[in-house]
Each structure stands twice: as structure tokens, then as C-alpha cells.
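Taken from TrEMBL, the feature domain 'TRAP C4-dicarboxylate transport system permease DctM subunit' applies to 7-215. For 15-48, 69-93, 99-125, 132-150, 156-178, 190-211, 223-240, 252-270, 276-298, the entry in TrEMBL reads transmembrane segment.
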């Protein structure tokens, strides 16, 4: 059985101290390597606060050995991605890749955004987020701003989002390999599940690029309504991607949720109002169904 939060905190709450120290050291500007080393030492020291969590010499050696073995998969993924990215950048293929992508997009704004996202993800495979963003900002950013008329802040935040997403997008998915090393699971399966759970994160950049008011520095009723509609659309997409419900109406409910989310994302008043009414009705219906379901059905995957 899964322990309660109170029981977990009683047994291992002291291990939050190294985690807090890790965050503080990163904010202070120390290198990730030094932060990792100090955090590992802090975990070892904090383990002695409780008798049942103390790491003796044998347990420490086993932990070091197990960590090295689990990191082999992450190291291999990073090395393979480095070969691909090195070949792309050193041969000048990166600039040609973005040129071909925008040539295929032509005057289509939606296709240009989709191809920009794809180029950013491909160029960021196995790379740290800052490096992936800088590369995309140089190769893709000027075209989005100058040729397609997107605002500079919106366009660059769009690229930054997908530079982050490249860490969890197959086939490389370095973040998934790191999670697999911890959970001892299949990294590609973790990457697919992570993409399913974070489908909203892949759609949010399109929302604030199409609706510039979401990132407007000026507070207004229209900007607030646009942001509220985007939040409701994200909730509907999350419900629609995971809702199973009961009976034969479940697929129709999910389809209606996606439709309502699409209406909320349209930068026009009447589609937003229609999407808001439909979305609110669907959420109320789902909550009522969920309350009526048995505990066993409510936890159905």
C-alpha cells in the first residue's frame, strides 16, 4: 500500500533539506556539477538524522555503484544525440533545414508554426535548453518575426517552450532516460506517456502566439478574458486526453471537450463564448459522472 503523506514525511521528510539546498545553490549560480556533488554529500549527511535511514559504508558503495549503472542509459542517449547535433551544425545543415522548412510552409502561418516547433525540437535533441533555444532563436526566430509578423516576445517564448519540450520528445528524450534510470522502466514508454500527460504544454505556445493578448504587459479586460479562455481550454484538453467515463458516450464526451477547447483558442469573441458554455457544461457533466462512479471505476486507468 502507498504510505500516507504524514507517514512519508515522518520517515523521510529530512531528505527535503538536500533538495532545498540543491535549489538554493543553483539559484546562487554554482555549476550543476558542483551542486550535484554537494547535494550528494548532503544526502549522505542528512541520512544520519534517523537510525533507519543511515547510509553506512556498504550502503554508500552500493548507492554509488547503482547510480553509475543507471546513468549508462542517459550517457548513451546524450552521446548519440551529440553525434547527430554535431553533424547537423558542423556541416551547416541546420540553416538549410530551417530554410527548407519555411519554404514548405509558404504563406501558411499554422504550417510555419508547426514546422518551427519541429525544427526546434530536432535541433534541441540531447542539448541543454539554453543551447537549444539560442540555436532556434538564430535560425528560426528572425523568420517568424520578420516574415510572418509575430511579436518578438511571443515568437521567442514559443521557441523556448519547444526547446524545453525537446528533452522529453522521442526518440532521444533525455529526460525520459533520466526518469527511466530512477524508476527502472522502459525509457521510450516513459517518453510516450510523458508526451500524453503534457499534451497541453505542446499546445499552449500556439495559443499565446495566435492570441498575443495573453502575453500583453498591459492589464485589460480583454487580456484577462483571453487568458481565462486559454486556462479553460487547457483544462478541457487535460480532461479530454484522460477521461474514460462509463458507457458508450465517453468517446463523444472527449471529442466534444477537444472541440470546445478549439473554440476557446480561436481569437474571436463568439467562438470563445460558445466554447466556454460548452466546456463548462461538459466539466459539470464529468464531475457528476465521476461522483456517481464507484471507487474501483474512478481509479480505472
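Every residue gets a Cβ built from N, Cα and C, even glycine.
Keep in mind that what you see is a predicted model, and the values were worked out from it rather than measured.
Non-local neighbours of the transmembrane segment (132-150) in the same chain are 89, 94-95, 97-98, 102, 109, 112-113, 116, 119-120, 123-124, 156, 158-160, 162-163, 166, 209; each lies 6+ residues outside the stretch with a CB under 8 Å from one of its CB atoms. For the transmembrane segment (156-178), the most Cβ-contacting stretch among 69-93, 190-211, 252-270 is 190-211 (pairs under 8 Å). Note on the domain 'TRAP C4-dicarboxylate transport system permease DctM subunit' (7-215): mean pLDDT across this stretch is 83.
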